[in-house]
């Protein structure tokens with residue numbers, strides 16, 4: 001009996017240990033009830049409005065509903081709170097989907113994690129956060145995934161360039177931060193970057209610095225090649241780059257008194273050899289490239305808690321968009337990497353193919369409409385247009401003639417048209 005109780009207890013304990021901690025999960029599967037969970041910031045009166053929508057194309061009309069930006073050229077500030085937690089000695093997984101169905105030209109698609117005590121109604125661009133993660137696009141030059149950590153009040157950007165997706169489909173973004181100070185970024189459940197928090201961010205001072213007392217010796221030779229001191233420029237090297245054209249002749253009608261002294265035109269000299277340079281030889285005194293010796297940085301102190309964020313309790317969308325239409329969905333914050341991967345496949349993974357098929361069908365329908373319009377409304381013939389232009393030209397010529405015959409006073413002339421403003 002005792003053994004049976006122990007076995008059941010062990011089984012329950014193992015089950016409890018295997019159960020993932022889900023700190024926040026939002027699938028927008030209960031209609032407008034999301035408005036009771038999400039708070040619009042009142043820090044500014046003109047923040048853009050979010051609406052619940054699956055967009056113009058989708059894999060499932062209900063499952064693909066998410067928060068969509070709806071007004072162009074606006075800042076957006078929306079957040080949701082949850083029970084606070086610490087990721088001490090735990091893995092932190094942040095995951096959500098982004099769909100730029102408007103073919104975005106400039107705008108953010110990232111989230112921020114804030115402390116629980118942040119006033120959500122006053123959230124704004126300068127509100128201090130723990131982590132900022134997600135895609136950011138602006139023109140052809142900026143198409144990156146931001147991964148920013150706040151360490152002791154200062155924001156630190158990742159030193160690597162992680163390219164984001166820039167098409168019109170839904171994509172799954174996942175950030176994994178582990179207590180061993182490593183991280184991983186996934187897009188569509190595939191790893192795109194990973195590494196060390198200490199190595200890939202300038203969070204801590206460098207372990208090594210250049211020795212301020214060390215200097216390159218004055219006699220250090222770091223040129224591998226030198227001029228050959230025995231090489232001498234040939235005596236016939238100096239030739240002008242241009243010479244008078246030997247084939248040119250003074251024109252018969254040239255008058256020296258009227259035209260001045262005639263000089264033949266200059267042409268390139270075929271014997272010109274350019275600037276002479278002595279040949280190069282190995283430098284016998286070459287010592288190689290001088291390397292500045294390094295020493296331990298006295299300001300460096302290891303910190304095993306770079307990964308740690310205490311009192312996490314708010315997730316927010318604090319961003320700017322020039323062209324609206326982005327949809328955010330399937331938010332998840334957990335401590336289990338496998339669970340996050342499974343949720344990603346059960347949400348984004350289930351509807352992605354249907355979304356693509358619907359978009360392709362819409363594009364094909366648009367193409368057919370354009371072809372039909374071109375067929376029913378062909379462009380005017382250039383030849384006919386040319387004839388009309390000729391008539392117009394004749395009318396313009398007659399008008400110009402009348403104006404020439406009967407000029408108006410300068411005072412009656414119309415003001416010139418201003419140039420188009422830039």
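Placed from the backbone N, Cα and C atoms, the Cβ positions cover glycine too.
Nobody curates TrEMBL annotations by hand; they come from automatic prediction.
Lifted from TrEMBL, the feature list:
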SIGNAL    1-18  signal peptide
DISULFID  106-138  disulfide bond
BINDING   110, 112, 129, 136, 318  alpha-D-glucoside binding site
REGION    203-279  region 'Disordered'
COMPBIAS  208-252  compositional bias 'Basic and acidic residues'
COMPBIAS  253-262  compositional bias 'Acidic residues'
COMPBIAS  270-279  compositional bias 'Basic and acidic residues'
REGION    344-422  region 'Disordered'
COMPBIAS  352-380  compositional bias 'Basic and acidic residues'
COMPBIAS  381-415  compositional bias 'Acidic residues'
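Pairwise Cα distances among 110, 112, 129, 136, 318, the recorded alpha-D-glucoside-binding residues, top out at 17 Å. The alpha-D-glucoside site, placed at the center of the C-beta atoms of 110, 112, 129, 136, 318, has further neighbours from the same chain whose C-beta lies within 8 angstroms: 108, 111, 132, 133, 134, 146, 148, 316, 317, 319.
A straight line from the CA of residue 138 (disulfide bond) to the CA of residue 318 (alpha-D-glucoside binding site) spans 16 Å.
Distance from the CA of residue 112 (alpha-D-glucoside binding site) to the CA of residue 106 (disulfide bond) is 19 Å. Sequence-distant neighbours of residue 318 (alpha-D-glucoside binding site) (same chain, six or more apart, CB under 8 Å from its CB) are 76, 77, 79, 112, 123, 124, 125, 127, listed in sequence order. The secondary structure of residue 129 (alpha-D-glucoside binding site), as reduced to three states from DSSP, is coil rather than helix or strand.
Under the three-state DSSP scheme, residue 318 (alpha-D-glucoside binding site) falls in the strand class. Counting only same-chain residues at least 6 apart in sequence, those with a Cβ under 8 Å from the Cβ of residue 136 (alpha-D-glucoside binding site) are 107, 108, 109, 110, 142, 143, 144, 145, 146, 164.
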